[in-house]
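Only one structure is covered here, and it is reproduced in the block below.
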């Protein structure tokens, strides 16, 4: 089902219900038994596993079941002629298969599963009374059975299962492959985890490879004493890293475009879009054909959306300035006053722990504000959350460094702060990232065993987990630290990457060796491998997301590049103007000119490096031309068929006579 041999049954979804003793006389009315029968009726292959304290219903869908669900969902898929058409099960051979040979991607299968398990509705003529451990449950007409059981607390969780064959293959060829730090099986990652995670690892691999150049340059700058040429070498280093960053993101856009073209899927119909606000298209349908009202509704919808988003952003910015800024400045002042290095190190550690709670509070406020925005779908909501929460992290991560850099103008203190921030943040992030999932799993496992022993007081033997599905159930989910409803664990992974990128870019002239440190972390300690191992071995299999780009994070990285141009220019001015007179002398004027030139280069490189490769553009134009030709031929055949049918009902006439007859009938 999941590969070339699609007849093989692979269980991909598990439904968790409480374990209980079922009486035979109530079996026909038991809600779990009814749920299992409904699953079988829609075409699922069902397997039931009894755990220590729960029962697990494993579901697998044959290819035909998935195909008919995809057709019912009107899912669009690419065909062999390069045109995306609505899927039809009877015309299955016309559609392109995935790189691994399967018909449906994991994103598409996940959506089909969601449709099938939640569309088990009551189709009887009346309400049905179900029972569960003596409790009666009313299954209303047209109501989803799984939704009802979730509301009643009977269905505890629905989660995707790991495919052991593919998981072990990825572990062997990817997570545990230590010979090549950046080589990744992107097609296999895409097939197993979906688009968003595959794009993240493609970005991380490209970032790791490109980091080698500034790391080598920074290492040379740190080891070699250039003497009086230092004031010339630092501007050269600054210009080179800005050009490096601009080129990197331009070429990343090209690669992202190529990845999207090579894994073209029906992204618009992914299962994460299960609930959204009223969209402009719905407004159009509701208003009918009144163009004036339609225009007014669109304008009202557009400007109210902007005003709500502006209001929420203003609330976040004012909160940062009034509440978080004084705290950050107080920490920076204490750090400057304290003389002991050990105390400074301890103060930084305590500070990094305290700000985590501030960030969580800010994240909860952001989530509440987002609910009042007119975002079209879940991905837009997630992007809005990313912008707001990153503002909190930007303030707490960099304001103290700005304080030391611009107010005290002490390079040695600034370098100490950067080293401590980079080391402490990296150590804490890795400890939390890799230890918390294991600790959570161990605690859940211990609690399950303890509850089992309490229920069976006479049992003295060792209790073990025999089923793989129960072990997966106890593993933590791949969720964000801020908002599980809108974001998954990629939020924390991208946040860690963006904060480190901003730290090494904005203060590059003060500490060039930071690039070597970052390259060491992402290559020698291999962030790619640890993230891969976390996904494959320590967490539940995450649900797929449809976004084919890194979304809001690309704009954040671009913003950090602009900030780095300004901050590094200020640092160079500080180095040149050691007397603190801030006179516009030739050297300072040259730095200001360089800043403006770099800003122009930043915005001008998009014209020199196209965001889309030529072959992607050619394929898109070719597909559009083919689609236009097909539509034109079909339209001409329809017109010809209509004229033949029309001419068969009237006598044969000359063109002038035919024209008069048609005009006469049109008048009638």
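Glycine residues also receive a Cβ, built from the backbone N, Cα and C atoms like all the rest.
No curator has checked TrEMBL annotations; they are predicted automatically.
Of the candidate ranges 546-576, 608-638, TrEMBL annotates residues 546-576 with the feature transmembrane segment.
Looking at 284-302, 341-359, 360-378, 417-435, the range tied to transmembrane segment in TrEMBL is 341-359. Taking TrEMBL as the reference, the stretch among 173-196, 197-220, 437-460 described by the feature transmembrane segment is residues 197-220. Within the listed segments 462-479, 588-605, TrEMBL records transmembrane segment for the stretch 588-605. In TrEMBL, the transmembrane segment annotation falls on 314-335 of the listed ranges 138-159, 314-335.
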